[in-house]
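Annotation source TrEMBL lists transmembrane segment at 36-58, 102-123, 171-190, 197-217, 272-296, 316-338, 366-385, 391-412, 489-510, 522-542, 554-573, 579-600 (among others). Sequence annotations record features per position, and here TrEMBL assigns region 'Disordered' to 422-442, 630-653. Among the features that TrEMBL reports, compositional bias 'Basic and acidic residues' is placed at 432-442. Annotation source TrEMBL lists domain 'Cationic amino acid transporter C-terminal' at 552-602.
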Amino acid sequence: MARWLPRSTNLTRFCQKLNRVKTLEDDMMETSFNRCLSTIDLTLLGIGGMVGSGLYVLTGTVAKEIAGPAVIVSFIIAAFASLLAALCYAEFGARIPKTGSAYMFTYVSVGEIWAFLIGWNVLLEYMIGGAAVARAWSGSLDSIFNHKIKNFTETHVGAWQVPFLARYPDFLAAAILLVATTFISFGAKVSSWLNHVFSAISMGVILFILIMGFVLAQPKNWSTQEGGFAPYGLSGIMAGTATCFYAFVGFDVIAASSEEAKNPQKAVPRAIAFSLGLATGAYILVSVVLTLMVPWHTLDPDSALADAFYRRGYTWAGFLVAAGSICAMNTVLLSNLFSLPRIVYAMAEDGLFFQVFSRVHPRTQVPVIGIVVFGLLMALLALIFDLEALVQFLSIGTLLAYTFVAASIIVLRFQQQKGDVPTLAASGRPNPEPHEGPSGGELKEYESFSDKLQLVDREKSKEQREPGQLKAAFEPYLEFLSDFYPGEVVTVAVVTLMVSAICLCSILVFGNTHLNLPTWSYSLLLVLFSLGFLLSLLLIWAHEQQHSTQTFQIPLVPLSPALSIILNIYLMLKLSYMTWLRFAIWLLLGLLIYFSYGIWHSKENLREPRAQLVSARYVVFPGGSLEERVQAVQPSSQPATGLPDTDTDDCKR
């Protein structure tokens, strides 16, 4: 029976495979893509991803059904929550200017299987999101013509009542996706130019809405006679915040495009900041004029802005608003179709997804195969599937990506920088790398495959400590932690922080409803998990961070990413159980692909055999000073061919 159980060494090696991180190239600016996008291009891509149909639909829905005129406050809070996630993306996009967005950031910091699952969920998020926007685009255009397109299709093609399928095939939605796919395949410059055109029209319409809206504003619509500014109270504002948060999803297209930016170290953080600021201003100001033009409780949730102008007697303005909404949805379509193939390319380039998607067209310098294949899949989804039940699925993929990117920021910030980080051997432990000694010589640190041998100058380490080491001020109180390898304690603390956040949010969401906890146990669990979260945060803070780099860094680490983590987890737990069920099924399908293909074809897996061929033990030759010489000695069971001869007469372990 015991012989069927896996050996501990095999299990350890398997876990190391799952958690291996991506090895970055020395020159991260080298790419097969065309670096042609400026800060303005990236900013408009981000605005196009965020300011879409939500501006024309979401504002009215939240104002009427959830928060009233206090939707303005909901957008402000949601913008702050989105800013926490956006700053994490900005730091990664500047430091690692490679396509892949959340997938890439997780791969270089947390581990391979987590990166694959993030990328796998982002794929579905973009496909469903693009198809849903295409159907909304089709519905908006059809409404201008009094639904003649829908009636014609149902009459001549037919309608059906099948679960998960749409009532009728939406040929218009599929057609706009195919047209957009064609333009995207022409290259980043063409895509950017097209996005400029639609963004300019959309922003012009928004400017018109603001000017006309303030002219037609009536402050009495916020009076107590109409229900007041916050008719649903604080609970309505916070519920509105949870919905408004998804209006800002889309800035990650900037990080996904960093490999095509001319100067990503500066352009990516600036573009994220500009686009998020402009989108926030647009949502807040439009909410102000909308709730001042007409009483909030009389809004039409499906077309609030256009209906508001109709009711004030400006029918022509309603048509202009409808045209602006179509242009805004075009930018969202382009954003989805632009990002999706690049995520697929990054996964395929690393060997975790099918290699055919890593091919870049030599002329257009874009992954044409990925664009065409996933454009067709998106068109198929829009053609026949009922996407209303799947739209909530978008939220969980986005929030999961935000959570892992925030955790990756903490892990990365407390790791040694690339110039100081020892290269990883097959065992996942560092190979020998020199460190500066007190007199300008080399103080060296070495590790074998099983044992850790550290030659550390204690006085020097107290004066200047590396990232991931315990701060000198905390060493007298936490001395037992100083024996761990730099970064190990931080990694464990990040895991503990996330587990505490999950438990804390679970009690907040389900404690009084599904779990029916008595007051004393509810309060006790809240205190315990809150303490676990805070202690993990303090333990991380007690370690040294990386020194300031030339690229953008998010302030207040680890506090800012930790707040982002707990907020994202809370919002995920507020989703319906059916969303979680679909999410679990999609994850299982992804794991099937990873274990049958990705884990074996990973480029990191191909690097391992060369490292595993060398079996060495390390011995130290005392030199009588702080400097030590360490040489690899070939085991007696293996020939010494290819290794330098070593004299071990006077060696000591």
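Backbone N, Cα and C atoms are what each Cβ position is placed from, and that goes for glycine too.
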Contact call for the transmembrane segment (366-385) against the transmembrane segment (171-190), three or more Cβ pairs under 8 Å: yes
DSSP residue counts for the domain 'Cationic amino acid transporter C-terminal' (552-602), split into helix, strand and coil: 40 helix, 0 strand, 11 coil
Range from 36-58, 197-217, 391-412, 522-542 with the greatest count of C-beta pairs under 8 A to the transmembrane segment (171-190): 36-58
Candidate ranges 197-217, 272-296, 489-510, 522-542 - greatest C-beta contact count to the transmembrane segment (316-338) (under 8 angstroms): 197-217
Long-range Cβ neighbours of the transmembrane segment (36-58) (under 8 Å; 6 or more residues past either end): 133, 136-137, 140, 188-189, 192, 195-196, 198-199, 202-203, 206, 243-244, 246-254, 257, 260-263, 266-268, 270-272, 274-276, 278-279, 282-283, 286, 301-306, 321, 324-325, 328-329, 331-332, 334-336, 338-339
Tertiary contacts of the transmembrane segment (391-412) (same chain, 6+ residues out, Cβ under 8 Å): 84-85, 88-89, 91-92, 95, 101-102, 105-106, 108-110, 114, 118, 121-122, 124-125, 128-129, 132, 246, 249, 252, 487, 490-491, 494, 498, 540, 554, 557-558, 561-562, 564-565, 568-569, 571-572, 575-576, 578-580, 582-583, 586
